[in-house]
Amino acid sequence: MGCVQCSEGLAEFLQPFKRLPELPGLEHDPGGPVVCWFRNDLRLADNPCVERAIALAATGRACTFIHIFDPRFIDRSAYGRVTDPSFRLSIAQRKPVHFGNRKCGAIRARFWIRCVQALAEELEALGSELVVLHGRPEEIFAEYPQHALVICQEEPVSPEQCDVESAVEKSLAAQGSILRREWGSMSLYRREDLPLADKPGSYSGLASALGFQDVWTSADLTADAKQVPRPRPRPKGPWPKAPFGKADFRTTGRWYISREVLREEAATLSALGFSNEELSAALTSSCPEGGEKVAQKQLEEWCRTAGNDTSVARMEASWDLPVAKGSRSQGPDVMEWKNLSEGVGWTQTSKHLALGCISPRQLFWRTRSVQKHPGVVHRLIWREWHRLNAIVWGRRLFWLQGPGRVERPWKQDPDIAQAWKDGRTGVPYIDACMRELKATGWLAYKGRKTAGAFLVHNLGFDWRIGAFWYEEVLMDYDCAMNYGNWTTIARVDRGYAGNDFTDVGHKDLKAKLRAEYANDPEGKYIRQWVPELQNVSKEFLHWPWLEKKAPEGYASSLVGELDPFECDECGIKRASGGTLDSKAGMWYCETCVAKWKCEQDQKKLLGNLRQKGCRFPGYTEQEKSGDCAECKELGVQGFVDRFDAQFYCSKCWQQAGFARSEKPARPCPAA
Ligand SMILES: Cc1cc2nc3c(=O)[nH]c(=O)nc-3n(C[C@H](O)[C@H](O)[C@H](O)COP(=O)(O)OP(=O)(O)OC[C@H]3O[C@@H](n4cnc5c(N)ncnc54)[C@H](O)[C@@H]3O)c2cc1C
Ligand SMILES: [Zn+2]
Ligand SMILES: [Zn+2]
């Protein structure tokens, strides 16, 4: 392993990857009992660990399935979160960091429990059992029988989970046992097909290294593209019948969560250390069903409906699109760009992927025959991109300065941070987002991005405050995806030549608020989450500070009284009666719009006159003298053609059949 602090010495870090091909024989098998340790791969199909364990059980080996709730990934702990502001890389310099967060809030824990319950039931139906424990894996395994072979899916995107794997390896070694880490199918691609040693500089670069012709418009591949492995079927019995011995996990009762407890969500949550208060808040919110069957069913349903719905037309660029390339033409939108401006997500698979109830390979292959497959692939490659970065960046993923080693002033005021988390910033759209997130564990992509950028670029806050919070509350939390997206939003993923990205004058925020106003003019979303604004009319709902009387009980804006009607062209303030360019979120005053319209009219006129054979039509200004662009006479009286910006003498101008008096029918107020 490379430097544990930052993963420098990457070549060394990648050594174990090179040493272990995907399905080799088990040369070092100690020959004792087999343990299939489920982590974030809570499914039976397309799970190489399960497959291997079953194959060994079929030879008569004792085999146990376990899942462990590790308190360090649930409690308020700074585990793994270290930073080193002076880049000295010495362990003594490391400072544990946390902002009072839990690693996993009760809402996500509840969904996690549901997924574990579902797996336990699946195994039970097969006459087997899932042993569920709560404790540190390395301590649990230290008490397991000797000469065991423990098989698990490794999690190289999470430096913290890598630490756990190392600790388990060590404690098993003391017993003559070994940990067998499988690459599994958490990644879309095989390890050897990913450009780990020579990471491309961008998402598009990764896609082309994998063989996509243009991942922004289609899922078409080049002839020598890397192949996404087909998902492996669920292994067929004989399923091991949990042959527990004297020293099995259950006898160490302090960790054991019995089936009776596991069946009761409240009981399990409190066994995991959640307070009654946290527990009742989580139990009152609605929680989706979890597990492999549910995930598959949802995917089938999506393929049958939205995935094949080609009535959705392509749209032009919108403020939250990554790019607009390829999206302007007519026809069905197979990339489903539109989904990025909506609030409900799209395939809604992220939470199932995060817990491993479905694999990305299953998602890829099942949607192959579906119209919107290119959109699914586009997003799965984003997932792959963030995973690749996380593997290569290691602990730098958690640095304040990020992998880009960016130095900027960062604020950390806990009261303001709390106001952001609770949705009390005084900016209605941001507050609606943050309240939805806290109450449900879900927030659409654009909301995650907008609220994140607000914290970092409008409030100037330490981005990790946001990332730690999302980790606690997001139901689909995934280390690579969360921290990857956050470092991108905070612009610490690269150096960016020292640019500090402060949203000067909150111009960017205003554009986003106006775009949201265009998406949801009635403000339904805001009304749903911010009841204090119940009586505010829709004209003021997105910017209540413009109303004469401030709405009672609603916070005043943390970014001041932004003027959403400041013209983006001429800068005039409070220009009501202007026009919103809803795609870009820009606002233009009447005068600028008229000027713009006038130019449009002139262009039309120009087109008409050109068709009639006129050479120099256009809106002109008289010049005292100049050199004629047509007859080349020097120092003559004439006109500048507004469209080609050339000077023409009066004679040439008139010959062209256009006199200065022939202005466009509509006078230009801006001229
Ligand atoms: C600040 C921030 C934090 C995020 N944290 C997480 C997280 O912890 N876990 C998580 O799964 N997603 C995260 N995302 C990405 C994205 O918002 C969600 O994956 C997506 O909204 C889930 O909805 P869906 O399942 O309908 O995805 P779809 O739009 O149907 O996409 C299918 C799958 O592609 C992947 N995907 C889509 N968009 C992205 C993206 N931008 N980056 C990486 N993968 C993507 C996901 O696995 C998703 O399930 C984050 C985004 C931001 C801006
Ligand atoms: Zn203007
Ligand atoms: Zn001339």
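Indices start at 1 and increase along the chain as displayed.
Glycine is no exception: its Cβ is also placed from the backbone N, Cα and C atoms.
Per TrEMBL, the features are:
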DOMAIN    32-187  domain 'Photolyase/cryptochrome alpha/beta'
REGION    224-244  region 'Disordered'
BINDING   327-350, 476-478  FAD binding site
SITE      Trp410  site 'Electron transfer via tryptophanyl radical'
SITE      Trp463  site 'Electron transfer via tryptophanyl radical'
SITE      Trp486  site 'Electron transfer via tryptophanyl radical'
Taken over the domain 'Photolyase/cryptochrome alpha/beta' (32-187), the model's mean pLDDT: 87
Close-lying recorded positions around ligand 1 among Met335, Trp463, Trp486, where CB distance stays under 6 Å: Trp486
Listed recorded positions adjacent to ligand 3, that is, members of Met335, Gly343, Trp410, Trp463, Asp476, Trp486 whose C-beta is under 6 A away: none
Number of Cβ atoms other than its own within 10 Å, given for Asn339 (FAD binding site): 21
For Trp410 (site 'Electron transfer via tryptophanyl radical'), the number of other Cβ atoms found within 10 Å of its own Cβ: 16
Rounded Cα separation (Å) that holds between Asp476 (FAD binding site) and Trp410 (site 'Electron transfer via tryptophanyl radical'): 27
Cα-Cα distance linking Trp463 (site 'Electron transfer via tryptophanyl radical') and Met335 (FAD binding site), given in Å to the nearest integer: 30
DSSP three-state assignment (helix, strand or coil) for Trp486 (site 'Electron transfer via tryptophanyl radical'): helix
Integer Cα-Cα distance in angstrom, Asn339 (FAD binding site) to Trp410 (site 'Electron transfer via tryptophanyl radical'): 33
